[in-house]
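Positions annotated as transmembrane segment by TrEMBL: 25-46, 133-151, 158-178, 184-202, 214-236, 256-277, 310-332, 352-377. Summarising the annotation, TrEMBL assigns compositional bias 'Pro residues' to 380-393. TrEMBL lists 380-407 with the feature region 'Disordered'. For 394-407, the entry in TrEMBL reads compositional bias 'Low complexity'.
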Amino acid sequence: MGGTHGHAHGAGPAPDVTVGRRARAVVVALLGVALLATVAGLVALWPREDGPTLQTTPDGSSYVEVTATDVDLLADAETGPALLAETDDGASITVQVAPEYLDVIQAGDRIRVLTLPQAGAAAPYVFVDLVRGPPMALLAAVMGVLVLAVARLRGLGALAGLAVSVGGVLWFTVPALLTGGPPLPVALVTASALMFVLLYLAHGVSIRTSTALLGTLGGLVATGALAAWATGATHLNALSGEYALDLRANAPEADLQGILLCGIVLAGLGVLNDVTITQVSAVWEIRGLSPAASRRDLFRGGMRIGRDHIASTVYTVAFAYLGAALPLILLVTMSDRTLLDTLTSGEIAEEVVRTLVGSIGLVLAIPLTTAIAAALAPAPAAPPATSPAPPGVAAPASPAAADAPRS
């Protein structure tokens, strides 16, 4: 196996690799303790009261979807910028719209509008947003079909795990944070519960998956501890975010700094899972190919692959955050502030800390997981004994010698 950034997730352990009972017992015991702690955390932290609600629809109003028909006709209407639209039953209506959207909306676009029965002389319809559901549903369907076509049962498990993850965050994490739950325990319990489900659904129940889960949990603890220190040391309070003031006004019990901390921990779950599975697979394959290799050699071989993995994964994390924060970065860099002031200001500092903490957690998880896999791998096999040939019997010729032309 070359030292490249490989992903042998779908392949099982090498056929010659069997893990002893003692190693299996250690893995089961450690994961049993982690599972009990996770379940206890879910029970203790589960929100027991309804969280705050935010009413976005005025009394007597409702949202409807219509089709824009003429964007330019009423750009200078007395009630302000407006466009013409057609309802599903064929009626023509006037829709008030913010000026910046006049160049975005085109005739034929489906848009969401808010009806205002008490609008008086003004147009009773106000533009809210473009309808994005159908193309997003198409993208989701294409992704699902491709995942199933390429990964088959593994892909089905991954999609099921994704659905469970979304449900877990919506039913446990979000209500717990909104009702003032402790952010770091909520983050760690959420991440641990999701990893138990995701890894076994996507990769199957095996000693290899269990070993990767141990490494993942260790990386999560390191990431959580580092995130808690970093958010406090850098005085990040999440108040500079776009929705921070709205969240504080409508959910006063929520800890904004803690929500930021929780987000940092959860943001690295996917990549952390990826690197741990890859490292365990690497060590398993090395053991299958080199049964006599020592555990130190297993660790060294796994880390040769891990170093390449670190390099490419750090880039992945950095560019993911860079792409998500690109509009903000463009806006901030237009100011006359120095580069250092820009990097340490508000939301930019949040993205920098998020990237650094996530990357450090990944880097720590790779040697940790590799060491666990090397320790749990089967003991080195004794090299086969070679007995001397009986007198008068020539030793068997090598294949190369047997195939050599005779003179």
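Cβ atoms here come from the backbone N, Cα and C positions, even for glycine.
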Assess whether the transmembrane segment (25-46) lies in contact with the transmembrane segment (310-332), where contact requires at least three Cβ pairs under 8 Å among residues 6 or more apart in sequence.
no
Between the transmembrane segment (352-377) and the transmembrane segment (133-151), are there at least three Cβ pairs closer than 8 Å, leaving out pairs fewer than 6 positions apart?
no
Can you find at least 3 Cβ pairs under 8 Å between the transmembrane segment (158-178) and the transmembrane segment (256-277), where each pair is 6 or more residues apart in sequence?
yes
